[in-house]
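A short write-up of the structure that comes next.
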Amino acid sequence: MSNIVIQLSGKELEKVKTYYLENKVDRNAPGLIFSAKLPDVVISIYRSGKIMFQGAGSEREASRWNMDVQGSTSSIRTTHLPENLSTSSVIGSDETGTGDFFGPMTVAACFVPHDKIALLKELGVKDSKNLTDTQMVDMSEHIKAACIYSVLILGNVKYNSLQQNGYNQGKMKAMMHNQVLKHVLRKIAPDKPDYILIDEFAKKDIYYRYIGKEPEIIRENVYFSTKAEGLHVAVAAASIIARVAFVEEMNRLSQSAGVTLPKGAGPKVDEIAAKLLLSKGKEFVSTITKSHFANTEKAWSLVKQKKRNT
Ligand code: MN
């Protein structure tokens, strides 16, 4: 039986938890903070930051997170990428807001022709995780002025209704990536990129299975890689555009809520959600959150606690 252990940081652990939320199972073991079960693999997340994948599907699932593999019984290989990728004309795409209880999921694609790579690097364009929101707002304006791009914001009302209709996050992401890529290809036509690079959230075959039978599916010269922001500046640019769109939408939602909405899915989020349930009601909260997250339940238990204490 295949058994793989990887080590991730707290922020990334949250992503893994969110990803497997629908497959969550209740299990008690020392140090265990989360467990999920797929048909061919059991995923266990420990307080130490270690994640264990057990079962026939462990390599497939572990490779999604592409981290330092410890004690692996099988090797993990990333997809073969073109050698001249980083110096070519590329459309990159990336998403954000997937692990945040409040606010929308956003996806962006950006076309960076080879002769603009230097300019974007000069602007300091790199992985959005290494930039502050303020830095990115400025950078996003420069990127948008210099490059052709497309950005999609999936509002919470639509997100929740899709989720209730059986769409998982992977499927929503795949559909949105396909959309933004289509938009950018249309805008740059008859010009074409050498390659399209998607920051990988699902393996290629799963990505296309998620898209299903859309009338127009972008397949030509498409490559997938984790940490793709580091492989071509177009993905970094897309990640910045997506992030800024997310932050702007969060600011707008914060105004309508009358409180600064926290990012992520931690205890602060539960606290604010509980306050909003009391002041604005359940209906309102569902319009600004991803309702299926565990935060909904946690916020309700805080509400009950508060009521008991008054
Ligand atoms: Mn990404």
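Residue positions begin at 1 at the first shown residue.
Just so it is clear, glycine is given a Cβ too, placed from its N, Cα and C backbone atoms.
All annotation found in TrEMBL is predicted automatically rather than curated by experts.
Features reported for this protein in TrEMBL:
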DOMAIN    88-305  domain 'RNase H type-2'
BINDING   ASP94, GLU95, ASP199  divalent metal cation binding site
Please list, in sequence order, every residue of the chain apart from ASP94, GLU95, ASP199 whose Cβ lies within 8 Å of the Cβ centroid of the divalent metal cation site. SER93, THR96, VAL107, ALA108, HIS177, ILE198, PHE201, ALA228, VAL235, ALA238, SER239, ALA242
Among the binding-site residues ASP94, ASP199, which residue has its Cβ surrounded by the fewest other Cβ atoms within 10 Å? ASP199
Just to confirm: which same-chain residues, 6+ apart in sequence, have a Cβ under 8 Å from the Cβ of GLU95 (divalent metal cation binding site)? MET105, THR106, VAL107, ALA108, LYS173, MET176, HIS177, ASP199, PHE201, ALA242
